[in-house]
Amino acid sequence: MVAQADASLVNYTQESKHLVESAVGLNSPPKEKIGSDFDSRMMLRCLELARRALGRTSPNPLVGAVIVKDGEIVGEGFHPRAGEPHAEVFALRAAGDRARGATIYVSLEPCNHYGRTPPCSEGLIQAGVAKVVVGMVDPNPLVAGGGIARLRAAGIEVLVGVEEAACHQLNEAFVHRILYKRPLGILKYAMTLDGKIATTSGHSAWVTSQEARSEVHQLRATCDAIIVGGNTVRLDNPYLTTRQVEAHKPLRVVMSRHLNLPENAHLWQTADAPTLVLTEKGANPDFQELLLKQGVEVVELTSLTPDKAMAYLYERGFCSVLWECGGTLAASAIAQGAVQKVLAFIAPKIIGGSIAPTPVGDLGFTTMTEALSLERVRWRVVGSDCLVEGYFPQKANSQ
Ligand SMILES: Nc1c(N[C@@H]2O[C@H](COP(=O)(O)O)[C@@H](O)[C@H]2O)[nH]c(=O)[nH]c1=O
Ligand SMILES: [Zn+2]
């Protein structure tokens, strides 16, 4: 039986629950375009600015803001990382007095709470902006429509939902974290046209083209952590880095119950990205010592399962986790609901072999009717390969 994640919408008032459900596309029909073409252009500029902090803002969202006066941009900003000022603050600083009577575009609803920083709603009211154009409602229960209500109560015109789908897409991991209290799990694999991730002897360098591999490095830079099992460390000896000097370096996570791992794996010998080994209480103390000496963090969980690992990474403030593991761990992560999104690179190659490894191990299904169907499926060509992307269906639990 495959676990289905339920969105926890129980912390919302009835009104904010509807706003959030609609913003994140749960239980809501397709919508019409909101705002003018100029509004859309400005909102897309907000998203471009927000992307400058890709991979660096968790547990916070990616947010961009643009201030427009008399048809001209007079201030821009984005949220660089958690604990630092929000996007609106940077844009207001850049605009100075020109913010008075201006329109501000923000990709996420301005906050209305005292967190690590004071509420942006109050900052906008004090700056005297005339209009606020919002990309999407903030699903954080501390905000959830409250920022919009506060601005309207102060007499400011507010337009909500401009380029909403694009705003949601950029923050899909933040939204998932808020609604499901887990990071978004993304399963990525590269397989041949006949569904193999390696030859019968375990050789896998390389299944896909150079272009597809550099796309993976870019993908890693957008995630908070990359997770593999002990088998991948033993068989592939991966680096799990982004190979880009300036890029964000996600935490490399290894799940290993018994710590029966090679002493000289690349992961412990390369300090260019942080590494965490998740294991169980009391496992192999000598190996734990060796890891600690090499600067690797070790955390013992009472039981080590994909869901327990995701619960731990949630507590650490992560929004997105990339599963780059072998088929056995991938099957158990899927079965426990630790995977929401699948990215499959398919190389136009055939290697054959009935015992060659496949991307997802046994799920216990015997009939096609049990197959897990992905939705919102898209595909595109990357180099000489095809990238297929889709999501497992998600549920809202709003009792
Ligand atoms: N980063 C961001 C927002 N983030 C909102 O504020 C929450 C974090 O608050 P704090 O701990 O004070 O940084 C975060 O969970 C999200 O709901 N809001 C905005 O108006 N603009 C921003 O740029
Ligand atoms: Zn704010």
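Just so you know, glycine gets a Cβ as well, placed from its N, Cα and C.
Within Arg220, Arg234, Arg316, the residue that TrEMBL lists together with Ser204, Trp206, Leu240, Arg243, Glu324 for binding substrate is Arg220. Recorded residues Trp206 (substrate binding site) and Ala190 (NADP(+) binding site) have their alpha carbons 9 Å apart, per Cα-Cα distance. Sorting the domain 'CMP/dCMP-type deaminase' (37-159) by DSSP state (H, G, I as helix; E, B as strand; all else coil) yields 46 helix, 28 strand, 49 coil. Not one of the binding-site residues Ala190, Ser204, Arg243 places a Cβ under 6 Å from an atom of ligand 1.
It is 11 Å from the Cα atom of Glu324 (substrate binding site) to that of Asp236 (NADP(+) binding site). When the Cα atoms are compared, Ala190 (NADP(+) binding site) and Cys120 (Zn(2+) binding site) turn out to be 43 Å apart.
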